[in-house]
Amino acid sequence: MAAPGARRPLLLLLLAGLAHGASALFEVKNNGTTCIMASFSASFLTTYETANGSQIVNISLPASAEVLKNGSSCGKENVSDPSLTITFGRGYLLTLDFTKNTTRYSVQHMYFTYNLSDTEHFPNAISKEIYTMDSTTDIKADINKAYRCVSDIRVYMKNVTVVLRDATIQAYLSSGNFSKEETHCTQDGPSPTTGPPSPSPPLVPTNPTVSKYNVTGNNGTCLLASMALQLNITYLKKDNKTVTRAFNISPNDTSSGSCGINLVTLKVENKNRALELQFGMNASSSLFFLQGVRLNMTLPDALVPTFSISNHSLKALQATVGNSYKCNTEEHIFVSKMLSLNVFSVQVQAFKVDSDRFGSVEECVQDGNNMLIPIAVGGALAGLVLIVLIAYLIGRKRSHAGYQTI
């Protein structure tokens, strides 16, 4: 019989899988005839602001979710298109707007409305407003066929990632039920007869490329940085094997940020990942430093695809306010057991930046240690030359002493 402690990881993994929830069926009808059917489970990964910085919350579509009748419609030919709106909780809405042409139909637009005054999901939120985010999608299928996707469908909005799982969706129904014929999503991949699958990305990529970042607020630039960033992530794969992979931050990723009196934030994002670096300041010592790292990303091959880690008690990349921190040596910043941040060729300055230029440089200890070797070698050579010179002068003096006139 296994010890209680040994059962905990298995129990946690089981609970993580159950957290996604079972698929629910939603129908839109007109005069008793079904025009839209959708079956899926869903979760909504949302970023919001608190007094202590950005927070991330993962909201699951509950079993109590239902079709909002006055927000859903079968549409009218040449006038409006079908629309499915699902409502749950305190003012949460998920809307799928459909459109079609002669051969295909699609979810042209997806909307998600959430309520920041809901303290259950958004504790300590600064704003109490209701927000609506939207995005186009790649959900599309042939007319008179059901759209089927076993893999996760991820729709990226500004501050929200919508994830649909085990989805079957069909609009413009002709029979009042899902068609037996299906159009499969590209995420599920080719069938075995169409050829071998694409190779997996390498576990260890090459060194990342240096990117330049600039964060500006109402009073001008509060962060200037030039650095190459790499993430080292350890996670459990779907086959229950633990793997550590490195992910490079690309110069093509979108960067943004915010300037505060005691906190400067840099966000670097793409469709699969949001990395946030938080710089704090010690007013008494006039030092700035990397105080927090927050990462939210999706790992398609992970047992739990949504990966979220944060640490707000760091003290790295430190320099005097008004000066810049610089380090050519690669630095490893430990964030958690599952995440470390590798920083290459970094120069960064936070809070006080004059004329959008780096201030006086404060070099890292590692670079100083690297200079010790050439300095020591140079010192040794100079000492050796000095010893030879002294020996030569002494020998010459003795030579002259042996030939003195009597």
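Cβ atoms are placed via backbone N, Cα and C, with glycine included.
TrEMBL labels come from automatic prediction, so no person has curated them.
Taken from TrEMBL, the feature disulfide bond covers Cys35-Cys74, Cys149-Cys185, Cys327-Cys364. Taken from TrEMBL, the feature compositional bias 'Pro residues' applies to 193-205. According to TrEMBL, the feature transmembrane segment maps to 371-394. Annotation comment: TrEMBL describes 373-404 as domain 'Lysosome-associated membrane glycoprotein 2-like transmembrane'.
For Cys327 (disulfide bond), the same-chain residues that are 6 or more apart in sequence and have a Cβ closer than 8 Å to its Cβ are Leu317, Val343, Ser345, Val346, Gln347, Glu363, Cys364, Gln366, Asp367. Between Cys74 (disulfide bond) and Cys185 (disulfide bond), the C-alpha separation comes to 24 Å. Across the structure, Cys149 (disulfide bond) and Cys35 (disulfide bond) place their CA atoms 20 angstrom apart. Using a 10 Å Cβ-Cβ cutoff, Cys185 (disulfide bond) registers 19 neighbours.
Cα separation, Cys35 (disulfide bond) to Cys185 (disulfide bond), rounded: 21 Å.
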